[in-house]
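The annotation transmembrane segment is assigned in TrEMBL to A:18-35, A:47-65, A:72-91, A:111-128, A:137-155, A:175-194, A:215-232, A:238-255, A:262-283, A:337-359, A:379-400, A:412-431.
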Amino acid sequence: MTTTVEPVIPRTRRGVELVLLVVAIAIVLLAWVTVDLNRNGTVPANIFPVAGGLVVLAAVVHVVLRWRAPYADPVLLPITIALNGLGLVMIHRLDLAAGRLGTDGSANQQIIWTALAVALTVAVIWTLRDHRLLRRYTFVSLAVGFILLILPLLPGLGREVNGSRIWIGLGPFSFQPGEFAKIALAVFFAGYLVQTRDVLSLAGKRVLGFTFPRGRDLGPILVAWVLALLILVFEKDLGSALLFFGLFVAMLYVATERVSWIAIGLLLFAAAVAFALSAFSHFQKRVDLWLDPFSPENLERSNQLANGLWGMAAGGLTGTGLGAGRPWLTSFAESDYIFASLAEELGLIGSVAILMLYLLFVERGVRTALGVRDGFGKLLAIGLTFSVAFQLFIVIGGVTRVIPLTGLTTPFLSLGGSSLLANWIIMSLLLRISDQARRPVPELPVGVGADPAASEATQVVRL
Amino acid sequence: MNTAIRRLSVLIAALFGALLVASTVIQFAQAGSMNRMAANKRTLLDNYGQERGSILVGGQAIAKSVEVDDQYQWLRTYPEGRLYSQITGFYAYSVGNPFGLENAADELLSGKADRLFVRRVTDLVTGRETAGATIELTINPKAQQAASQGLGKNRGAVVALDPTTGAILAMVSHPQYDPNPLSSHDLDEAATAWEKLSTNSAKPFINRAITGDLYPPGSTFKVVTAAAALEQGIVADENSRVPGPAELDLPLTDTPLPNETRQPCGPNDQTTLIHALEISCNTAFASLGLELGGKQLRDQAGKFGFGLDSIKIPMRVSPSTIPAEMNEPQAAQSAIGQYEVRTTPLQMAMVAAGIANQGRVMTPYLIQTIRTADLDVIEDTPEPEELSQAVSPRTADILKRMMVSVVDNGSGRRAQIPGVAVGGKTGTAQHDLDKDPHAWFISFAPADDPKVAVAVVVEESGVTGNEVGGAAVAAPIAKDVMEAVIGR
């Protein structure tokens, strides 16, 4: 018995999650109250229902995690709650500015979507006991992803909004199926690449220090490229095309560890951009706007980019204060431009804080990918994480003039059910994978072989 | 796969780094310059959200901000809109405040001027709403009214100055416009008004008194020629004899310069300087111009303020021009206010005022007092500032006697005010051979104790070849304005 070492039991860290959840909810409630204090000078009457609702939603997920995924990452859920809550605050604030009150408000819709998203998260964590089960659905995922992507193109179903055909309408509801396609395609890429990674990474000839793949292995990347091009041409959605193609190339690189895939990807992407620029005036205009958003002719054409920048500038270092700025002057202030809206009222300090929340979220995703032991899990985790990070870069990079503006939603913050549901599902998949990653290795009980008595005892238990 | 995941996470970190840098550039490094962009609606709304200072004339507001219940909070109104339109300008949401005091005194009216800094600090400490400064003008409302009524439906401009200080007592430019619809918060109404006025061929936004295309001064410029001749000793005094033939032969050209009457100005083709001015004898002043030459003519004009680009009242005054290089016939033409001499009515009022004020030209100004919104004085009446000593007091005295004689005995009879010595000079300025000439009149009163100097120009209402005809239109307007100031 003296040789027996106390087994190191990894800590679940659910307590940390609880504390962080309290902090996240406190930040959101403080922001909610600040809006009304700044606008009306009163504490909002609905503070108790809002507080209660948030606590219930967070508590439900927390309890389910304690039960079904006790080793899941403790930081992902609090960040999600904080971002979703801050988005709600800004949507509510824009409701007030537009005079939409109570159940007419967009915030009301967003609360319902949040509740649905939480329900979906609980369902995912509850029913999906192990992420490796998803691998069985590799090609089903491909079919689902593909169908979701082409749905908006079907006549009668698809709707064109602001020049991009990425919506479908079902009665009074409308969805952006692309948001869900992102998840399906990440599952497919992970399942497919984990099978084919050996051939994709080993075969090929060396040119200039890089190992280039054989011609026949180029098939998959070309298929992905053509798919992205189709989105570009028929749905006129540069943002989604960029996101899907970037996601595939990133996962391909992780699966094969070959830089040449990135080079090929960039080359194909450059060709697609050159084609889009020459073929569609739509894209040419966006580049013009990006290069000089303040010229009178460009302001005449679209003042959205300039207005967003002016809004951020008006916020300055410390912001105008929640409820005290004019974010509504920018079009899509509650969706594509919600980052600029928050930046205006929270200042540079607020924008950096929000970016840091995302960075932390992504860091936890990367850590999960590093920690999980199976290849499929690694690929899925890094794929989902990269999709969030890259989507964020495409939309906020567009708003802050790092790249030309292309319409995408800001994960967790933007108004819109599809985006919210999809990103909560991504979060719950990451939670599930991280539970696997951080769970102690299910090896033979400690001391087996060294201590026959203990072994025996175990057998007794097993019987 | 972990190596690749780590490398990919470095790429992700770089993407976030780009976003952080971009946010910092926008919200910190470039925030100031973006906030100052003219098209930035947020800055504009910030300005609307603050009470803008009033503009007062004789204790009454001619521009004020009224609190209203809409997103702009303060509505700019102009109670006597048209009468003061070129002075105030307007304050529009979509096109801003491009004209008048709304433009030139914007920093004071919006409260952002450096000299209001102490005020802003105390506002911050005491928690009082910062409001723009109220500015009180030098305008005499009666004179302004008289000038506007006198011009009636004619295009043209009137400027009245206090000769001893340079204070602007009246400044009217026709056509006028109503600044209220332009400043409306009903953006459609504002856009319609802007569209209509900005495309109007009569250019109502232009303040013809100080800017625009400028006018040829015509015969009123003969006063400047006389001043140069007296200063240079070419003539001794008003009774000196000068040539006055029916036509003056000019060197370098076969075209002689005629008198408008085609008659000599006196017996033996000779006249006195004072009589030459009374009847506005072209050949007499053209021959003085030949003797003086372009440079001396130009120097004398410069002493009255021609060519000066720095006058701000606070609106910028276009410099009056006289060509730099002139040959002899051009100098002769310029001496009678033709060729390429161009001037503002304000400049010609400064000529009259300088002569009335013993040769001292005072810098013109429009803002009398700067006050806080609750009318505490921030800056009081500015110290009158001498622009230049244009002529010696003796020359000024001679010119004054000559101009009084023009009104008493000559072409300016219509400006006579019973019991008051009025000095003046008529002008008929050719600008386009197919159109009627502009009618001019410059004057001052009373001659012994000058209180007011006036310049009037009425576009295209002179009569070619008839000095008195032009004077018939312009001189009575000057008379009314002078009477309004000296209280007759």
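Every residue gets a Cβ built from N, Cα and C, even glycine.
Within its own chain, the transmembrane segment (A:47-65) is flanked in space by residues 14, 17-18, 21, 24-25, 28-29, 32-33, 72, 77, 81, 85, 111, 114-115, 118, 121-122, 125-126, 431, which lie at least six positions past its ends and keep a Cβ under 8 Å from the stretch. Only residues 6 or more beyond the boundaries of the transmembrane segment (A:137-155), in the same chain, are considered here, and those with a CB under 8 A from a CB of the stretch are 165-168, 177-178, 180-181, 184-185, 187-188, 190-192, 195, 227, 230-231, 234-235, 244. Contact between the transmembrane segment (A:337-359) and the transmembrane segment (A:215-232) is not supported, since fewer than 3 Cβ pairs fall under 8 Å when only residues 6 or more apart in sequence are counted.
Between the transmembrane segment (A:262-283) and the transmembrane segment (A:238-255) there are 3 or more Cβ pairs closer than 8 Å, counting only residues 6 or more apart in sequence, so the two stretches are in contact.
With a cut-off of 8 Å between Cβ atoms, the residues of this chain six or more beyond the transmembrane segment (A:215-232) that come close are 146, 149-150, 178, 192, 196, 199-200, 203-204, 238, 240-242, 244-245, 248-249, 252, 261, 264-265, 268, 272, 275-276. The transmembrane segment (A:72-91) and the transmembrane segment (A:238-255) are not in contact, since fewer than 3 Cβ pairs between them lie under 8 Å (pairs 6 or more apart in sequence). Here the listed stretches are A:238-255, A:379-400, A:412-431, and the one with the most C-beta pairs under 8 angstroms to the transmembrane segment (A:111-128) is A:412-431. Per-stretch counts of Cβ pairs under 8 Å to the transmembrane segment (A:379-400) identify A:238-255 as the leading one among A:18-35, A:238-255, A:412-431. Long-range Cβ contacts of the transmembrane segment (A:412-431) within its own chain (Cβ-Cβ under 8 Å, at least 6 residues beyond either end) map to 65, 69, 72-73, 76-77, 80, 83-84, 86-87, 90-91, 106, 109-110, 113-114, 116-118, 120-121, 124-125, 128, 131, 173, 175-177, 179-180, 182-183, 334-336, 338-339, 342, 354, 364-365, 368, 380-381, 384-385, 387-388.
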